[in-house]
Amino acid sequence: MQSTESSDRRRQPRIATVAAVALIAIVLAASVATPVVAHAYLSDADPANGEQVETLPENVTLFFSGDGVQVADVTVTGPDGEAVSGDATINPDDTQIVRTPLEAPTESDDTDGMYTVEWEVFADDGHTTSGTFFFSVGDDPLDRDAVLEAYDDEDDADESVPPVETAAKGLLLVALVALIGGPLTAAIAVYPAAGRVGASAQSVDRRLTRLLAGTSVLLLGSVVALGLVQARSVGPLVPGTLLEFAGLPLGQAWLGQLAFAAAVVAVLGAAVAGSFSRRGWLAGTVVGAVGVAGTVSWTSHSATAIGRLQGFAVDLAHIAGAGLWVGGLVVLALVVPPLLRDTSPADRTALAVDTIRRYSVLALAGVTLAGATGLILAAWHVPTLEDLGETVYGTALSAKTLLVLLALGLGGFTRFILLRRLESPTDAGRTGFGGRLFGSSSESGVREDGGQPGRETITTFRRAIILEVGVLVVVLLLSGLLTSAPTAAVAGDDTLGSATIEREGEVDLALMVTPAEGDDGGDQFLVESGEPVVFEVAFIDDHGESVASDRTVRLSAAGPDDTFDVDLEETDDGTYATVQTLPADGDWELRVTGSPDGEFVSEWFDAHASPASDAHEHDHDEHDHDEHDHDGGPDESPSPFVTLLQFGAVVVGVVGTVAVALEATRDRDRSE
């Protein structure tokens, strides 16, 4: 018996050492990465958005950032409203490039006009993204209404979070952490503690196998549901679509998930039937669950956007850390209380204390691993502090963080307050808010059995653990939302809207620019250089009515290396508009002149043009994607917020590792 206990205790420092080495390696590997764009998002095109070309090109080529593309659907509509494109093809050497052939025009075809490109792609991480842009052929100016309509379509692109996929991923994570952490906690904490007091291991086997078997069925169902949802992005749910999906890299990963999940169900089914040894089904469950977690991590935001191995390692470590923490709690909440009831009153406290102490080492290692990797993931996917409140991803991450802190507080209650009360019989009768909350009463004081708490001990223990488990289950469901929603690095990069600056006078003049935004002072337009911009002028009288100009309304622009003058055309709603580009980066001066009601008006406006993205400066003739750059974000130094998150990951990793080592050593010394 003593030899077995010593062996069990020696496992805990080993776990701490392995966790420390893994954590240090992961943090060092992750420290070189900066915020990235997950999903597949259009970064450039040839012809580019708003570009005017002399003749209709043979192909439209789309260049994506973030993830690679597995399925692409691209439709190019000509000036007459008819589709002029063939089937899109994905570059086999670089899946971030999609080419769509255009129908060759005949001699009698008039190809001049505006062309709209509508695209939808199914990315490596299993998410579908879509969008619209336009280009024109010939020298005719772009039509204002058509350009505004194209921008409206771009703004209306569907970025919603799919509810079925979110639920399936959340339940998948719940099942995973239980199947990873549950068997480990049972093997390292529950069985040894039960053996010390002579409790029945068979009763633990019976309850644990049933619990894990039910969880494995949940895992398998979630995997099946997730695969069907992702297959629907390829086409209708018919056998042909499923076969096509199974042939994709993502589909192959799903088949791996399915195989591992089915294996876990089979192992635990055999365990329930009593035809598998305890060591066999405990190990088989953990191996199968880690296999499912590995395939999930291989297709995660981080793996597909950061880099396969780097993102895979961090994501898998995050799931494993959550498993050590949450999975162990599930066992403590649902398996240990019945074991305590079946144990003699004199041994209940010893069993509860020993179980909690052994589990505490695992939980501390799990919290450290999950916390450090969670900060790394946040640093990758949340570029700025503002994104926490401006995006679905950031809001969900904020809520998840608050709930994790609440769960840590509950864990502290169990570890430092409840455990001390269990160890000190003289304190058993003391009650306070925590004691009342978790079911303790003054009636649980010293008894005829030598002061050992009875049913109240079980009630307090169980309620504290169940509440912590409930909070963490919500955290895992929020994690399902995080893996389904566009990351803050993408969602926070909103498309520009419209900005208006007014100049007051005898007749007010309002200049509206689309797409654009105003600066903080509202005195300057911020636009994207090289993008088609709608300039719209309105003259407004004292009654708020539009006033017509008696002379041509003109827009003059002077930039760093270019100038232009253009006459604005009157629109049906009484304004004057033109579509132009500010081709050069830098500050521009805009002058609007007109003569409303015979009164000459001349007003100056400031604008600043900057590139839409500094990350991908594509040369359409020599587009080089050989390096498979998946960063998808600006090539710039990380923000102070990202730096703080990275520093926090290092601090949590170092402090947590030291704490795990000390706790394991202290527990071993106490047992000796």
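Cβ from N, Cα, C; glycine included.
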Q: Out of 21-43, 251-273, let me know the one TrEMBL marks transmembrane segment.
A: 251-273
Q) Taking all residues of the domain 'CopC' (39-137) together, what is their mean pLDDT? A) 86
Q. What stretch in 211-231, 280-299, 319-340, 392-413, 465-485 has the biggest tally of Cβ pairs under 8 Å against the transmembrane segment (361-380)?
A. 319-340
Q | Distant-in-sequence neighbours of the transmembrane segment (170-191), which means Cβ under 8 A and at least six residues beyond its ends | A | 8, 11-12, 15, 201, 204, 208, 211-212, 215-216, 218-219, 221-223, 226, 264, 281-283, 285-286, 288-290, 292-293, 296, 319-320, 322-332, 335-336, 339, 355, 358-359, 362, 366, 473, 476-481
(Q) Can you tell me which parts of the same chain pack against the transmembrane segment (319-340), counting only residues 6+ beyond its ends and a CB-CB cutoff under 8 A? (A) 173, 176-182, 184-186, 189-190, 194, 199, 203-204, 207-208, 211, 289-290, 293, 296-297, 348, 351-352, 355-356, 359, 362-363, 365-371, 373, 457-458, 461-462, 465-466, 468-469, 472-473, 476
